[in-house]
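A short write-up of the structure that comes next.
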Amino acid sequence: MSHLALIHFLCSDDVRLVDGGSRCAGRVEVLQEGQWGTVCGSRWDIDDAAVVCRQMLCGVAVAAPQYGHFGEGTGRILMGGVACGGSESTLKNCAQDEQIIIHCSHVLDAGVICADVRLVQGPHQCSGRVEVQQGVTWGTVCDADFDLHDAEVVCQQLDCGIAVEVLGGAAFGKGDSSQVWREEIQLLTAPPPPILFTGYTDSRLLGGPDSCSGTVELQYLSEWGTVCDAFWDMRAASVLCRQLQCGSALAVPGQAWFGEGRGHIWADVFECQGNETHLSQCAVSSWSRAACSHGRDAGLLCDALNGTVRLSGESDCEGHLEVYYQLAWSRVLMDSWSFKEASVVCRQLGCGSAVKLYSSSLSGTPGNDVCLTGYQCSGNESHLVNCSDPHRLNCSSSPQAFIVCSSEYIISIRLVGDAGGCAGRLEVLHQGSWGTVCGDSWDLKDAQVVCRQLQCGTALSDPVPTFFGPGTGPIWLDEVDCEGNETSLWDCPSAPWGQNDCLHKEDVGVRGREPVAREPCAAL
């Protein structure tokens with residue numbers, strides 16, 4: 001054994017893979033202070049898995065399963081919010097966010113599947129020259145004794161389906177002649193390279209506790225279908241959460257965690273970077289590399305509140321700035337804050353423009369001593385999440401942002417889905433995010449208050465079915481119970497903000513015309 005190999009073996013002593021059937025597959029466990037514990041799978045991806053495989057001398061990462069794929073561990077969760085670049089030598093060299101551990105459980109335990117064989121210099125990841133790792137050295141394989149049966153083993157190990165053809169004669173180029181384990185052999189399989197595919201027309205999450213979590217379903221033409229969990233990762237999940245206006249992705253549970261879907265199963269592999277705004281912007285390889293059933297339907301958990309802002313003060317449009325980021329409310333430091341960023345916050349809250357910007361030396365939010373810094377906005381953004389991402393610091397005694405906006409809520413209620421100002425799906429503004437109203441208990445008296453608040457005349461006596469379509473994002477209000485004589489929807493009793501058991505298909509709508517025409521509204 002070389003000295004280099006010895007060093008790598010010693011470094012791998014503080015990480016192991018368990019319950020996966022081999023030392024190179026299983027649930028990730030790390031050793032800290034003499035105790036083994038698990039790693040939270042929230043934000044876990046293939047780059048993180050690649051570091052574990054390298055540290056374990058297990059070759060390359062094939063998959064980074066989450067949500068207890070290899071069973072739930074026991075004991076403490078020792079790492080969370082792991083963010084590797086993919087080139088680190090050990091998992092402990094990767095950045096992590098320990099705050100994630102607080103909100104994690106063993107159902108999110110991260111896993112890794114490694115392979116000590118790889119295909120290189122091919123047009124895609126499932127074709128190329130075969131190389132096998134021994135110790136820390138990669139070498140090629142002689143084609144003299146290698147046949148299609150051997151190729152099938154390689155394809156299975158790399159999760160690349162069925163072997164189609166074996167090519168010799170260094171068809172994909174010669175490897176290092178000093179490292180030939182068994183003349184060069186090549187393996188070629190059928191899948192095409194990724195293409196940009198824009199066929200999916202709609203998306204939704206079903207079976208979850210709210211509209212921002214559930215089984216992933218995509219619509220192609222008129223047909224809805226689920227997505228196989230073998231082809232779904234955090235990058236694609238982040239894009240879909242953004243597309244649905246549901247904040248950031250928290251986890252991608254597989255194995256039909258939210259229940260089995262019906263109909264078609266889309267076997268497309270989405271190859272997203274993670275910063276796209278729509279799945280149609282991601283490259284797609286339309287080739288199945290694994291058998292799928294509805295028992296492997298992919299799920300998604302989004303953090304719908306991520307990026308929500310509020311001002312803690314005498315009114316909703318004045319006070320200390322607090323931002324909901326990574327599952328917690330945090331204050332914002334003044335070090336990089338300016339009127340550009342303050343203008344975005346006031347706009348997001350519907351509070352006009354920023355008038356004053358103060359610094360305050362108060363501590364962090366109650367129960368949280370972590371503050372945010374690093375926001376950079378152009379000043380034209382409609383939402384703080386469209387600015388650069390912040391990072392977290394201890395508040396200590398650093399000055400924090402206090403904002404005064406020009407007015408209280410200028411726009412807090414609207415109708416969406418029609419060109420006129422008095423027709424559409426009812427949406428309300430709360431904590432800087434627009435959301436819908438559930439139709440439970442909704443009646444003519446509630447519609448009358450909306451019409452009055454929007455100066456849209458009188459509500460019709462005959463309700464008609466909703467036809468403005470379902471909304472996205474949070475469902476803010478439910479069980480609204482107006483008397484009918486209130487001047488604003490906010491004067492009516494209702495369930496607490498965000499608490500409901502509704503789906504977006506129950507979203508309330510209102511129809512009418514501008515007040516000049518003196519035509520009534522309709523409760524939909």
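Placement of Cβ uses the backbone N, Cα and C atoms for every residue, glycine included.
The domain 'SRCR' annotation in TrEMBL covers 15-115, 117-175, 203-303, 309-406, 413-513. Under the heading disulfide bond, TrEMBL lists CYS40-CYS104, CYS53-CYS114, CYS84-CYS94, CYS228-CYS292, CYS241-CYS302, CYS272-CYS282, CYS377-CYS387, CYS438-CYS502, CYS482-CYS492.
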Other CB atoms, at most 10 A from the CB of CYS104 (disulfide bond): 22
Fewest Cβ neighbours within 10 Å, where candidates are the disulfide-bonded residues CYS492, CYS502: CYS492
Number of helical, extended and coil residues in the domain 'SRCR' (413-513), per DSSP: 16 helix, 25 strand, 60 coil
Which of CYS241, CYS292, CYS482, the listed disulfide-bonded residues, has fewest other Cβ atoms within 10 Å: CYS292
Packing count at CYS272 (disulfide bond) (other Cβ atoms within 10 Å of its Cβ): 20
Residue among the disulfide-bonded residues CYS53, CYS84, CYS94, CYS282, CYS302 whose Cβ has the most other Cβ atoms within 10 Å: CYS302
The domain 'SRCR' (309-406) - residue tally per DSSP class, helix then strand then coil: 13 helix, 42 strand, 43 coil
Fewest other C-beta atoms within 10 angstroms, as judged across CYS40, CYS228, which are the disulfide-bonded residues: CYS228
Inter-residue C-alpha distance, CYS377 (disulfide bond) and CYS241 (disulfide bond) (nearest angstrom): 22
Pairwise Cα distance for CYS387 (disulfide bond)/CYS114 (disulfide bond) [Å, integer]: 37
Fewest other C-beta atoms within 10 angstroms, as judged across CYS114, CYS438, which are the disulfide-bonded residues: CYS438
Integer Å distance between the CA atoms belonging to CYS241 (disulfide bond) and CYS272 (disulfide bond): 13
CYS53 (disulfide bond) and CYS84 (disulfide bond), distance between Cα atoms, whole Å: 13
